[in-house]
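Straight from TrEMBL, the features:
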- 69-98: transmembrane segment (TRANSMEM)
- 118-141: transmembrane segment (TRANSMEM)
- 235-258: transmembrane segment (TRANSMEM)
- 270-289: transmembrane segment (TRANSMEM)
- 322-343: transmembrane segment (TRANSMEM)
- 453-471: transmembrane segment (TRANSMEM)
- 708-765: domain 'CBS' (DOMAIN)
Amino acid sequence: MLANHIQNGIESARVAWSRIPNSDESQFSDHDGVGLLKKNDGSAVESLDYEVIENFAYREEQAHRRRKLYVSYLLVVKWFFALLIGICTGLAAVFINISVENFAGWKYSVTFNIIQKSYFAGFIVYIMINLVLVYSSVYIITQFSPAAAGSGIPEIKGYLNGVDTHGILLFRTLIGKVFGSIGSVGGGLALGKEGPLVHTGACIASLLGQGGSTKYHLNSRWFNVFKSDRDRRDLVTCGCAAGVAAAFRAPVGGVLFALEEVTSWWRSQLMWRVFFTSAIVAVVVRTAMGWCKSGKCGHFGSGGFIIWDVSDGQEDYSFAELFPMAIIGVIGGLLGALFNQLTLYITTWRRNHLHKKGNRVKIIEACLVSLLTSVISFGLPLLRKCSPCPEPDPASGIECPRPPGMYGNYVNFYCSKDNEYNDLATIFFNTQDDAIRNLFSAKTINEYSSQSLLTFLVMFYALAVVTFGTAVPAGQFVPGIMIGSTYGRLVGMFVVKYYRKLNIEEGTYALLGAASFLGGSMRMTVSLCVIMVEITNNLKLLPLIMLVLLISKAVGDAFNDGIYEEQARLRGIPLLDSKPKYEMRNMIAKEACGSGRVVSFPRVVKVSDVFSILQSNTHNGFPVIEHTRSGEPLVIGLVLRSHLLVILQSKVDFQHSPLPSDPRGGGRSIRHDSGEFAKPVSSKGICLDDIHLTSEDLEMYIDLAPFLNPSPYIVPEDMSLTKVYNLFRQLGLRHLFVVPRPSRVIGLITRKDLLIEDAENVNTLELRATSVRSLMLYSF
């Protein structure tokens, strides 16, 4: 009874919290699931063909690829691509970080030099520099690569879940992501570059896998090896892990992020390649940082890449401290869930009212947000009274105050005396990376007042909510760390004051607060825990990070989903969650099919009929029916819309006879290879409008037998929808046939029947079990 009451309370809270305009009902009008799904912005998303289409072209290729030499060649190529993805993603991250640090360093240096003479002039210059950087970012996005807006993680998560959003992995999206991130982050907006780096790594992996960009004539046929969606999915997974590894210098965290957060399908062979890619990224980043330490990278020195060393912080903790640490987890869950809900409200309103008015409104909106952020970050520290510097401690190595234009703690900003500092300017009028480093810093007790931290928390939280959803590349990792570390430091100040223990560090609580907010917003646990340990270099805090992550995730889950799931739903990306809905247990496969008539083709079909059917509906898969001698219909396979478009465009398979070209079922030589049927990544492929047929062409016929998939996945009509859901998601299917219950069984396959061993002759395979060789017939 108690469990039921708790469950009902959680569901009531979730409903009350998440009562927003729901766009799901209008998105999936194509109930049979084979058509294009319309996103809220009018563009289309399309399912990917992760299933192997075992048509005649595929089987011919596999017959030639059975040699061990070719298998070894493919293995070497896959590892070579993993190497290239790691190198290219690492170099892209180096370029983005060096550019951001130099723009930010130059901005603060110029501003600090000017405010020595006039704060008003410095204020104007500061605003203008930020405005120019943000304008350049939003202009690139709106005019060149609209798909590069946002973090990109929901779209990549959808791609690895089996849904392709047009434009997300193109070359122009990569360019927009790189240069747009430089402008938005360098312009001081309340966002980060980590999410865009994940998208950048995915774009690099996809472009390498398809040989580059044909539109911009930057392609090579030597790299055009992997043409199937399955192979490209593996490459994109490597790219996602490489992006996280480059953003945080956390290679193990990158592997776990790809496993836990973005991918829906995993295997051990892919794990090795993803780990190798992340290791390569770490080597590239480390090499670049060593080169930059000599002063060759301008303002980018030993810092820049997000890593905050707290190894010299709090070394131990007592049992009494677990209670305030648990409170931090609860606060993180509540604020994270609130952040997700507020961003969902504002993004929904923005997409329905602002962004529909055109690119000019998007540009004006981003510039207004930049102006608001600059006014707050410069103006609020002016209203804060400066504090006297603490007694100097040579052992800490911290100088107070810091000279104007220098990074670090105790910034002297609008202070009447030289030995004073402005605690609000230390975290507000600074880059986010250096502000986090200041909040995490040890041996700086009483550096910040509670009023300054509370002011920063409220204002930056509001800025992060408003900024999220603008037409610029935007990540949520760093803003989440900023917000969490602020209230974590507040709790740490309370613990220091009331527990009166000398070994308590406020920076430790700031770290736990950062982890709790990310857990409450993104709902990651294992990968986020490893990332936080890697970027702080303190393994002793691992149990505490695990504690706050578990609590914050549990609290956040009581109200809504994670931010990436919410944003994917808002963008019309139909993600399949890891587990089916509870209501599916009482449903069967037949009930999910809908009441519409199934559109099918005969084996030999007239060209005009194919063209007419493709023109009248948007289905992407069609059953192919052949009648037996007794007139009974027999399903012989599934043909895809994309394959039919290729056949219509090439015209080489047209025939005059309405009879099958090979009565035995597709054994004739085929004029296409499997690569011709592959659709370029994130593009619309061949459209029906691109095909021009004459009246003579329309009167001809096509034998579909060589092109169909003769072995699609089939389930009986009375199978529970839970089983269907798990089968569909785990196998990465696009279509699933629902048929009446079969009348007989021709054999049974067990585990031992699937154990295949190599014979002395490579071309022959012997089954260990003999049950398959002597199949028995059963009848019901």
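Glycine is no exception: its Cβ is also placed from the backbone N, Cα and C atoms.
Remember, TrEMBL labels are computer predictions, not curated facts.
Tallying C-beta pairs under 8 angstroms between the transmembrane segment (69-98) and each of 118-141, 235-258, 270-289, 322-343 places 270-289 first.
Take the transmembrane segment (270-289) and the stretches 118-141, 235-258, 322-343: counting Cβ pairs under 8 Å, 235-258 has the most. Counting only same-chain residues 6+ beyond the ends of the transmembrane segment (235-258), those with a CB under 8 A from a CB of the stretch are 81-82, 85-86, 89-90, 92-93, 156, 159-160, 169, 193-194, 197-206, 208-209, 226, 270-271, 273-275, 277-282, 284-286, 305-307, 477, 524, 526-528, 530-531, 534-535.
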